[in-house]
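Structure first, commentary second.
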Amino acid sequence: MARAVSPRRKTLTTLAAWSVAFIIFFPVLWMILTSFKTEASAVASPPELLGADWTLENYAEVWQRSDYPRFFWNSVVISLGSTLLGLAVAIPAAWAMAFVPGKRTKDLLMWMLSTKMMPAVAVMIPLYLLFLKLGLIDTRFGLVIALMLMNLPIIVWMLYTYFREIPGEILEAARMDGAGLVKEILYVLTPMALPGIASTLLLNVILAWNEAFWTIILTTTKAAPLSAFIASFSAPQGLFYAKLSAASTMAIAPILILGWFSQKQLVRGLTFGAVK
Amino acid sequence: MGKITLQHVNKSFGEVAVIPDINLQIEDGEFVVFVGPSGCGKSTLLRLIAGLEDVTAGRIDIDGTDATHLPPARRGLAMVFQSYALYPHMTVRKNIAFPLKMAGLSEEEQEKKVQHAARILNLSNYLDRRPGQLSGGQRQRVAIGRAIVREPAAFLFDEPLSNLDAALRVTMRQEITELHQSLKTTMIYVTHDQVEAMTMADKIVVLNAGNIEQVGSPLDLYHRPANLFVAGFIGSPRMNLIEGAEAARHQAATIGIRPEHLDITEGGPWQGTVGLTEHLGSDTFLKVTLDTGELLTVRANGEVALRHGDRVALAPQQGKIHRFGPDGKALA
């Protein structure tokens, strides 16, 4: 039930929300502003804002010095590929857990989630050696597999939560109507869970796009995505903050735009089933 | 064809035997109603026939073929669910055509059959709507339409009217009965509402704790209940049951008399005091506490000018007393 809120309280709450949002967004904003400053302005102390020297040179130099389109394309392939592959594996898994749960399904789900709590560095050496042996180092295919495995617990968990909201009787009706397992998932379950699947896809694309640990370790040049592209601007000669900021802005811009346009879908998907 | 035979069918969930051992024969074209209180196993039995649950032991034959381990799609049955179970993302047309699509029929054939079903069920004007844009009754019709187009060996209904309001329930009850009369296909209908069972069925199967208490026509069950459970379950208001000296006088452990078989008459053998009275216009229900302590319900025709606290004498109609032994079974 909606509660009556006084205008004063409403103003204070709005102000608090905007303040928190600004604090969260400030580093991104500062990075974008820095990307338009000269190197001298970028490192000036106290920090310059109004009196800074503004320039587009950083972007031009970053574009010339590196092959941005290749990094960008690698990011697209790796994040989309790992998410789509993850969905293909996770949809049947989540179906089984949601609609034909066994005695240990809950334990299995908890175990899957617990793997996300493990520090990634703990499996760094074994995974690196495994990839080396299989010839997967610096390949997009290798990264797709690695990131799919990293994000699979989250994908399964999210889909499991959405699937549980779908009445089992509808799937039984499909079975009575002659649908086998594949057709039941394809024609009935997937379209019904589409909002949930879409937000799972979006969130995992974002997670995979932002993944830096594994992408830097498992790639060198050929398959390196935008996270490695940023890292390449921290040169041994020192940090060039303005150029680094320009590179970072170029790296996050696509996902920031995607996130902006899909925010409604994301919020809807993440709160799916929370309120009946 | 739609003859279904259950032989020693047993269903357990872990240690709990929901259906201990059931034998039942359903003839082709029959309208059979499974009735019983909540948790008696009637829906489980229907789901076993549908193939949505696996039997623990026993055999299910459909038209002489062993269907015990066949998947639901290959049993040739259609089911209408309590929640309608329509596909919310599909239009009414696509919902009805779904089983035909799964069967691999051409789009032309699908459309022909959909149009035919829609005509029968008065859904022709709603074919392009989604389930969310329909009323409860229309949704139930779509669910029935989806079942009809398959031309199944038998229809299975799992409490299909319980989500509808009282008036619509009566209309849909009649529509399903008429549908049975025109299609002449076997129908198995699960309900806990004994009025639905009495008005729709050719044959009623009364279930209690997973066991069949009695199988028979509605009037068979009403006039000749096999035991105390059936006597108490079939009929509304329920049968009055009297134990003690009055029952012993009839050489029984318990005697039963239906409320409509008690006459209010001067000099009647059972004297008592009127408690609650319910005036329905066509009938009056009176709760009468006998001097011997038993509480009886009396159904009197029309309006009766008796009030709380009035003294009455009741007489059971000749030959209408049911006698039951100490084991609860009816005595001859």
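Heads up, residue numbers simply count up from 1 along the chain you see.
Glycine too: its Cβ is placed from the backbone N, Cα and C atoms.
Residues annotated as domain 'ABC transmembrane type-1' in TrEMBL: A:72-262. If you look up TrEMBL, you'll see A:12-33, A:71-96, A:108-129, A:141-163, A:184-206, A:212-233, A:240-261 marked as transmembrane segment.
Beyond the transmembrane segment (A:141-163), the same-chain residues lying 6 or more positions past its ends with a Cβ under 8 Å from any Cβ of the stretch are 77-79, 81-83, 85-87, 89-91, 93-95, 97-99, 109, 112-113, 115-116, 120, 127, 131, 134, 189, 193, 195-197, 199-200, 203-204, 207-208, 211, 214-215, 218-219, 223, 225, 269, 272-273. Scored on C-beta pairs under 8 angstroms, the neighbour of the transmembrane segment (A:184-206) with the top count among A:71-96, A:212-233, A:240-261 is A:71-96.
Here the transmembrane segment (A:212-233) has long-range neighbours at 62, 66, 68, 71-72, 74-75, 78-79, 120-121, 124, 127-128, 131, 136-140, 142-143, 146-147, 150, 240, 243-244, 247-248, 250-251, meaning same-chain residues at least 6 beyond its ends whose C-beta is under 8 angstroms from one of its own. By the count of Cβ pairs under 8 Å, the stretch nearest in packing to the transmembrane segment (A:71-96) among A:12-33, A:108-129, A:240-261 is A:240-261.
Same-chain residues lying 6 or more positions outside the transmembrane segment (A:108-129) and placing a CB less than 8 Å from one of its CB atoms are 97, 137, 146, 150, 152-154, 156-157, 160, 213-214, 217-218.
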